[in-house]
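As recorded in TrEMBL:
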{"type": "DOMAIN", "residues": "A:30-68", "note": "domain 'RING-type'"}
{"type": "REGION", "residues": "A:108-153", "note": "region 'Disordered'"}
{"type": "DOMAIN", "residues": "A:171-198", "note": "domain 'UBZ4-type'"}
{"type": "REGION", "residues": "A:195-230", "note": "region 'Disordered'"}
{"type": "COMPBIAS", "residues": "A:195-223", "note": "compositional bias 'Polar residues'"}
{"type": "DOMAIN", "residues": "A:234-268", "note": "domain 'SAP'"}
{"type": "REGION", "residues": "A:338-405", "note": "region 'Disordered'"}
Amino acid sequence: MDPSFDLPDSTDWLNTPLSLLAPLESSLRCQVCKDFFNNPVITSCSHTFCSLCIRRCLSKEGKCPACRTSDQELKLRRNWAVQEFVEAFTNARPGVLDLAKKAARGDVGLEQPASKKRKVEHGEDRESDSVGADGVRTRSRSRRLDPQPETGIVEAVEDSQDEDFIPEDGLVACPICNKRMKNEAVFRHLDACTGSASPNKSRNLGPLQVSQTSRSPGNNTTEKPPGRLPTLNYSILKEGVLRRKLRDLGIPDWGAKQLLQKRHTEWMNLWNANCDSKTPKSMKDLLRELDIWERTQGGHAAAASAFAPPSVMRKEFDKEAWSATHDDDFKRLIAKARKKSEEQVRTTIPKMEELPSESSKAAADGPVTNGDKPESPRLPSAFLGPAEVASNSAPSLGPSPNPEM
Amino acid sequence: MKEHLPPGIAIAKSENLEEWQMDIQVLDDNPLYRGQTYRLKFTFGSKYPIEPPEVQFIQSAAPDPRPIPIHPHIYSNGIICLDLLSSAGWSPVQTVESVCMSIQSMLTANSRDERPPGDADFVSYNRRRPRDINFFYDDDNV
């Protein structure tokens, strides 16, 4: 990595007295995007991912990326505890890391664990006094140089995210029922609290009011998006109907059906992931994200295909475009096949359909040297040997597959 | 990350987000790989990590020799037959590090001094990228 990208990473803790925070930080990061969980949700198999990450995975494969259990996006549930944990951690991170690095260099004479503990206690003691004082600190990742202000920041952060933003009344809210009470009363109350107010709802609405801390400024009055988008069965939808649906959703409706499908899936994932957010983004922000997708992976991504060849493995792979682009190669191959064996003539079959049969034929005939055919559909037969081609869809690709690897 | 990789794995090149190169070594005493360093090239598409990166060994001559390791799943042009690099076997939770470790252990565990069957043929006509080859394999069977 270019040293100018100073991205926070769990390994930042290694070589400091707080190296044990490296695994802690790792566990707060999504295994798919490797960043801190963003709107974490939990799967049926109890794995947690960013809402958007797991939705993208599920819409591609329908399986949990961690354990490969089948799952559906409908079954995803928000994981607030993890969300709060991430927020608290990322807020505390710059200060704590800074201290840890100083300690590693020997600048700070403090014993790190002790000073950290003291800081937390200190924060709790003064919690009620400082509510609202710095209540709207945003999550900043900038390095703080002076350890003293850290204490203040850590406190402020805890306050701003746990409670409704009600300044200086000296009270704190029960995290379950949101009832406000004196600081000392909270723990006693918690033992008895039945969570009368629907806990999800109150967690959900509370922070909406402090959306100054979110990444979408000016959005704090926006209502939550009305509802989640259902998955569509694209195979039963006619292109025109799908196009109209996209238009109704307010997203671009140009392109062939495959592209419409992909765009709809991406939009559904963006939208539904946004529904999982405590601080939902505006439609405008989502459209901007869809536009980024369009330019990198969607209909405007043509330029990128030099790097990433058309994803022929995707279900919605555009057969027509592929056949058109490689028409010459296919023709050459067909000509060759005809020469080799008269009964292989299949001019009436559409070219894409012909590929599998061509290659299994080739497999039956034994490996064929194809010279310089860059697009040779016979590759797999020689690549794998006839036995593997005949055997059915084993996931491993090796000549003698070893699933361990 | 770069200072904290597992033993035998090092970043050789990571200037951009499209292609990385990694050096790997087999650390045990396997005579097939002892004392050698091999270079892996990772090519990341725009759909990474939802879709797998392309991973293959690349060769270079002295002064920094990087041969293609001998292995019954590794073709002499560097293309690797490994389940987890295919679309079906890939999972987005994999990382460059985990892929390197898998390949490292794939080498460690091997005792056969041979290339895959059909290596010469495959190497002579293959101009495709690994993921396209896998595609045709999948396509034949599905």
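Placement of Cβ uses the backbone N, Cα and C atoms for every residue, glycine included.
TrEMBL does not curate its annotations; it predicts them automatically.
Helix, strand and coil residue tallies for the domain 'RING-type' (A:30-68), in that order: 11 helix, 8 strand, 20 coil [DSSP].
Per-residue confidence over the domain 'SAP' (A:234-268) averages out at a pLDDT of 94.
Here the domain 'SAP' (A:234-268) is broken down by DSSP into helix, strand and coil counts: 26 helix, 0 strand, 9 coil.
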